[in-house]
């Protein structure tokens, strides 16, 4: 019953790449939320086990669409210098939802009827509908709009994202940069199939998939799904185990706040590496305390689990949702992220199915086993993951050393010069040739509140500086 949701999520997360490219990011978000609410209703009014399983699968279909499209949408509307912080904020609210579910479970456990589980399940219906209708008030991704030649609407959204001034220089420069990248990819003549993506961007796809695989193999769902059982193993009984899970969830939320300020300062690599070290040590200590089984074990295990959860919330919780949409190019971003998200749900299902079995068979050894995977993730990140902090999405090729498109134009000197050595001149001329209808809006002044909060540069006072081909 627990793991079957991941089956539905896996199926639609694979399909979400195609769906997101056809109907857009906002439309996919709306459909996913509606499906999720329907699945929640089936679970709420279930007469028995198998209907509950069907409801979980339907809800999983919605979760698969949402978990794929939300990180894509998030990355495509965020400025480079705050992209990491915004993704981490989204993860914080995600964990707030998880913590809320734990505390709703705890308080409903005092109800002496089947309402004790029907009420918690009904809450997801209300949240799903709120998300669905709220998505109708959100703008479409400007990158998807430009990729589908809705240039006027795309320019309007970019202007709104930069404060509402249709003459904003940074918005126009970003428009030209995005459109230029789209036109270059079209001129290459390559398709947008999964096969082409795998052939050309194999390294990026594997890195995106590995980030989501390690997020699960590093042990989080041993804690998230089965935390009450973990605490029961350590000596907490019944409702006290749920209470400990709720306290752990509050600390989990608090641990997701530091990355708001650190991810765009320290970068992705430092946070992933440090998180893997702390998580591995905490899991190993958890197994050791269960092995020696002394009177101090219950409190020691709670402490270790809280430390582990805090380290995960600070590192491997938010960043595997940020990294894949960052490193995938626009032409295949939805498809690439769909594969990474499908990987998440595949390993999510694997861990959800195997954890109860392993808790019975290998017992305390389960926790150092996941600690070993934390060590593996440290090695992979250290040697293979490039830093993406502050890099515009359209300039990610330089990070990976993939400039094939420019190389194909090497013999055409005038065109190559236009693309590389005189990119800024081309951007200005592209802007001047544009004929788009942009609604007039009021222009803001002063430093943006988000930049003031995080201490970053104000986009209205900075100039848009794409990475040049020679800056690699």
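Each Cβ is built from the backbone N, Cα and C atoms, and glycine gets one as well.
What TrEMBL says about a protein is an automatic prediction, not a curated fact.
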Give the range, chosen from 27-43, 146-162, that TrEMBL lists as transmembrane segment.
-> 27-43
TrEMBL lists transmembrane segment for one of the ranges 176-197, 242-263; which is that range?
-> 242-263
Which whole-number mean pLDDT does the model give the domain 'Major facilitator superfamily (MFS) profile' (1-389)?
-> 90
